Amino acid sequence: MTSDIPVRIRPAIAALPPYKQGRQAGADAFKLSSNENPFDPLPGVVDAVRSQVALNRYPDATASRLRHRLAERFGVAPDEVHIGSGSVAILAQFVLAAAGPGDEVVYAWRSFEAYPGLVAVAGGTSIEVPITADGRHDLQAMADAVTDRTRVIIVCSPNNPTGPIVTQAEFDSFIARVPADVLVILDEAYFEFVTDPAAVDGEKVLAAGAHPNVVVLRTFSKAYGLAGLRIGYAVGNSRVLDAARSTAIPLSVTAQAEEAALASLDAEPALKDRVANIAERRDALVNAVRDQGWRIPDAQGNFVWLATGEQTMTAAQAFEEGGVIVRPFAGDGIRISVGEAEAVDKVIAIAASIVETLPEGHSGRALA
Ligand SMILES: *Cc1c(COP(=O)(O)O)cnc(C)c1O
């Protein structure tokens, strides 16, 4: 397997599949494969980025203006906020800091595709706990999976790629069972799109102050539409965040990204409008495909999940032929981002033709 690499590489790394980005859409296709925001940057953001022209200078190493701003919002101290070049970068920092060889990292599966790779790179062992038939975390089973080798647990709400949230009640009983010295990362990349009032809210978990082992991750990539600038953040105990700061590659967060994040926070009313708009499109899409006979999980992010199973690659092909690039997970299902209104209409039309082809009793079909 590794004989084609001309230098010696750690076996765990050589065994990893080379990174492949979701397909780039052709000029006339809609790219709904990366959960990106279909809107232009929020008002003021492009000007804010343009104002940062000292490209010969390194950025402020800790993005302190943004840390102060977020600290105010969360009612925490600035040291209880950590900024990274995307929240995936922060995930990597935590896993590297907490889980070396022999250590275990527990997360739901299927969940965010980046998790297994981050654990492998750190040298740790992934413990993947199957999600339920309706795409939800099985938090009982996740708590049961904790051993004395567990160093990190990742909880993803809403779950990428299936869509459902973890409820606050579920999270509370889960965290009560987790040893207090195990780091729990609550990945809330899609938090802003959540409309279910029962959903866990990392801000409330932190405000309760009972669990200093919980760190909340959020990002400017999805709702705020800054995926291209790479900026996200963690909120939690400052000594826990120090561990991530220690494994971070210094100076990765650019001044342009920090400025864009600050300007995005200034544009809160416009953000709320857009998020509400995407959530409405999402709910309309969910209702439309359910009416067609699809059985799909609750969708609380900016994406929906079609459990196409063995038909996944042919279904993805049908979407592509119809001008929509989706994200297929072979043998399992298809994740489709909620994009432009016109793109959503296309998705609904193509989904109607696919559901017809699924055999009776298929996991993606509702019982007649
Ligand atoms: C998109 C996403 C992230 C964040 O990505 P960044 O662009 O690195 O901030 C984190 N977690 C999940 C589950 C995601 O889907």
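Positions of Cβ are set from backbone N, Cα and C atoms, glycine also.
Please treat TrEMBL annotations as automatic predictions, because they have not gone through curation.
The domain 'Aminotransferase class I/classII large' annotation in TrEMBL covers 29-348.
K222 (N6-(pyridoxal phosphate)lysine) has a Cβ environment of 27 other Cβ atoms inside 10 Å. Taken from TrEMBL, the feature N6-(pyridoxal phosphate)lysine covers K222.
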Per-residue pLDDT averaged over the domain 'Aminotransferase class I/classII large' (29-348), given as an integer: 97
